[in-house]
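**Q** According to Swiss-Prot, the protein carries these features:
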| type | residues | note |
| --- | --- | --- |
| ACT_SITE | Asp152 | active site, nucleophile |
| ACT_SITE | Asp210 | active site, proton donor |
| DISULFID | Cys44-Cys76 | disulfide bond |
| DISULFID | Cys124-Cys154 | disulfide bond |
| DISULFID | Cys427-Cys441 | disulfide bond |
| DISULFID | Cys466-Cys478 | disulfide bond |
| DOMAIN | 410-531 | domain 'Ricin B-type lectin' |
| CARBOHYD | Asn47 | N-linked glycosylation site |
| CARBOHYD | Asn91 | N-linked glycosylation site |
| CARBOHYD | Asn121 | N-linked glycosylation site |
| CARBOHYD | Asn201 | N-linked glycosylation site |
| SIGNAL | 1-21 | signal peptide |
Amino acid sequence: MYTTKSLLSTLIPIMIPLSLGSVSSPNLLPTPPMGFNNWARFMCDLNETLFLETASAMISTGLLEAGYNRLNLDDCWMAYDRAADSSLQWNTTKFPHGIPWLAYRLKTQGFHLGIYQDAGNLTCGGYPGSFGYEALDAQTFAAWGIDYLKLDGCNVFPEHSRTLEEEYKARYAHWHNVLRQMHPPLIFSESAPAYFADPANLTSWYEVMDWVPAFGELARHSTDILVYVGEGSAWDSIMVNYHYNTLLARYQRPGYFNDPDFLIPDHPGLTLEEKRSQFALWASFSAPLIVSAYIPGLSGEELAILRNEELITVDQDVLGLQATLASRGEEVDVLTRSLAHGDQLLTVLNRGDGVPVVRVPVEWMGLQRGCAYVVKNLWDGEVQVLEEEIVIRLNSHATQVYRIALPEECSTVIPTGIVFNTASGNCLTDENGERVGFEACRGSETQVWQVSELGHLHPLSRTSHCLTAGSQASVQLCTGQKNQQWTYEITGNLKNEHTKMCLTEGTGISQCGFERDSQVFGLPSGVDIKSS
């Protein structure tokens, strides 16, 4: 979007679904949640003592004051059987004083207690699921003092000749309807998309992602982050979930947030630089900051990461935009987004093992040359004045984040970044002449595009030209004709206003299909989105 200081103006008319979140309003969860969950660190080894010790440590270390005010129980908190009246029961060995007592105790300390259930007949751990008991379970949780529900999706099987996706939609829609009738409703975290995140074919995943923002406030969209005792690379696990999150920016808005899973700052497989990177990336995404770690044992360096006030402010920014890819090379990602009050965010990630020197021109940030931009490093607080480019030296797996203040005379931001196919990862590329195609992303300005307020896409390599629809997609001198105007839809389609056909990797342009992998694209942050 174009931003002039704090004023956000419309590019392409935006159509918002009538129902935003569980209560048709973003006010239930206007910014992403912050807190603690036991799963990635302790899995089923949760109990009353753990949560009391965690709360005490969060108070003494300043995490509560920093905003981490939610403590969420995950799977295995229940008894294996429901009570005689069919209500859920807690495990009395793990929680001798009971869940209501724990919720009240935590509330007096300034925390909110959240809980876990499953849309199937059993939870992932084999405990009683919610299927057939949704209203009763919701009432039970509310009576216990719970205000946040994470609903998993294990053991869901199609009923009434529905497809699996239709079954998930029916069950999560039912939960949405149950919750919206409560006063107040519970915050609703949906895990349904995680059961459809198949990189071989993303169509079903996107079909689920199309409806989850209308039902809840956040969604666990893909694979679980590596648990503390898990095998494999914790950094690779973070990068997998980071990658999935980059595909979903179009869905996020205030009141609904994409959830790439827990922060794992005490994982033994991570370097300090990697721990910093996960936090910086999640904050740049305005993702939930839910820590799964042994809080009393966190080091001073780990706590300093989690308490970084500047990055928390970015995460909690009221615009709720997700940082998107301005550029992608073999090892380096450059992400940008607009912030409230007219500032711009720049995040630069080194995915590789080398130590590159990265040059980021102001145009990649959606800005213009010849202005004096005040740039603040959000890790060390260093301030510099930027006019043409910023030069960054990045350690292996490091992430630098900068907040950029725009002077009044240079306060216009043009949405700028790569246009990439979310299935292949390839970038729309200006091939000179009239040709346009898709190639591996290589950090070139021929793959960086500006999106104008009229829906014109200009390659940064020649901004007088526009992406043009004809018998093929091409790059032509801009004329203002409708065959150069494009609309970005919530489905990820980039539809031409003249031909009503969609940009397509492989053929250039073709009839629009339903969530076809070849027609789903990521665009820069700030481009308004047309809802179907």
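Residue numbers in this text run from 1 along the chain shown.
Positions of Cβ are set from backbone N, Cα and C atoms, glycine also.
Give me the lay of the land around each of these features.
**A** In the three-state DSSP assignment, the secondary structure recorded for Asp152 (active site, nucleophile) is strand. Listed in sequence order, Asp75, Tyr116, Gln117, Asp118, Ala119, Gly120, Thr123, Cys124, Ser191 are the same-chain residues six or more apart from Asp152 (active site, nucleophile) with CB atoms under 8 A from its CB.
Classification of Asp210 (active site, proton donor) by DSSP places it in coil, neither helical nor stranded.
A sphere of 10 angstroms centred on the C-beta of Cys44 (disulfide bond) encloses 13 other C-beta atoms.
Around Cys154 (disulfide bond), the same-chain residues six or more apart in sequence whose CB sits under 8 Å from its CB are Asp118, Gly120, Leu122, Thr123, Cys124, Gly129, listed in sequence order.
Contacts of Cys441 (disulfide bond) defined by a Cβ separation under 8 A and a same-chain sequence distance of 6+ are given as Ser327, Arg328, Gly329, Ile418, Phe420, Gly425, Asn426, Cys427, Gln447, in order along the sequence.
Cys478 (disulfide bond) falls within neither a helix nor a strand when secondary structure is assigned with DSSP, and so counts as coil. If you draw a 10 Å sphere around the CB of Cys478 (disulfide bond), it holds 19 other CB atoms from the protein chains shown.
A C-beta separation below 8 Å, combined with a sequence spacing of at least six in one chain, links Asn47 (N-linked glycosylation site) to Thr93, Lys94, Phe95.
DSSP assigns Asn91 (N-linked glycosylation site) to coil in the three-state reduction, placing it in neither a helix nor a strand.
According to its DSSP assignment, Asn121 (N-linked glycosylation site) is coil.
Counting only same-chain residues at least 6 apart in sequence, those with a Cβ under 8 Å from the Cβ of Asn201 (N-linked glycosylation site) are Asp517.
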**Q** Starting from the Cβ of Cys427 (disulfide bond), draw a 10 Å sphere and report how many other Cβ atoms land inside it.
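**A** For Cys427 (disulfide bond), the count of other Cβ atoms within 10 Å is 26.
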**Q** Looking only at DSSP and grouping its letters into three states, which state does Asn47 (N-linked glycosylation site) belong to?
**A** coil
**Q** Can you grab the distance from Asn91 (N-linked glycosylation site) over to Asn121 (N-linked glycosylation site)? Cα atoms, rounded to a whole Å.
**A** 18
**Q** To the nearest whole angstrom, state the Cα distance for the pair Cys466 (disulfide bond) and Cys76 (disulfide bond).
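**A** Taking the Cα atoms only, Cys466 (disulfide bond) lies 55 Å from Cys76 (disulfide bond).
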**Q** Going by C-alpha positions, which of the recorded positions (Cys76, Asn121, Asp210) is nearest Cys478 (disulfide bond)?
**A** Asp210
